Amino acid sequence: MTIAKMIDHTALKPDTTKEQILALTKEAREYGFASVCVNPTWVKLSAEQLAGAESVVCTVIGFPLGANTPEVKAFEVKDAIQNGAKEVDMVINIGALKDKDDELVERDIRAVVDAAKGKALVKVIIETCLLTDEEKVRACEIAVKAGTDFVKTSTGFSTGGATAEDIALMRKTVGPNIGVKASGGVRTKEDVEKMIEAGATRIGASAGVAIVSGEKPAKPDNY
């Protein structure tokens, strides 16, 4: 598999414009990225632009704080699928995890998994920068129990992004059959190679073109 096919080509800034989404989807077609990862408002346009392409549309759920209710997250998933999303990246209820309310964390994830079942792949963002190692392990274990397809490090909107150490811990926790996505601060081919070596099977990056072409990113982002 090429590096491009492991990358979710990402544009999640709040001020993203239509012109930028059109450029993102054009690049996805050209380079063969796994997906474009966009905010829900851009799902329909992105799906139209990628009709017939190998790249699919990924969107974010309960993003970036994860503090919506399970019911709201489930609705977001259904709406996104209706608009053409094939993958959804949800943020866990981080406060509930900190409170050791594992039942709520699981119910929250399961609401998304159930809403997406058979229609969209689910990635669970645990926001590693806010967690202890014990909490990272617990979050991954709960996500697997709830039926996720992937666990993912970061939103790119908090205090830190992906590290090889966190990827290795997540991979060790979920085993070989669940995907692990590194996201947040992955900007170069070298960054990607480190993450893959640590166990990542998907990369979230706004610098996708620079990564596959070897060029320097025009403007570094946190995701």
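Any Cβ shown, glycine's included, is placed from N, Cα and C.
Worth saying up front: this structure is predicted, and the values here are computed from it rather than measured.
The following features are taken from Swiss-Prot:
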type	residues	note
ACT_SITE	D89	active site, proton donor/acceptor
ACT_SITE	K152	active site, schiff-base intermediate with acetaldehyde
ACT_SITE	K181	active site, proton donor/acceptor
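Under the three-state DSSP scheme, K181 (active site, proton donor/acceptor) falls in the strand class. Under DSSP, D89 (active site, proton donor/acceptor) is assigned to a strand (E or B) in the three-state scheme.
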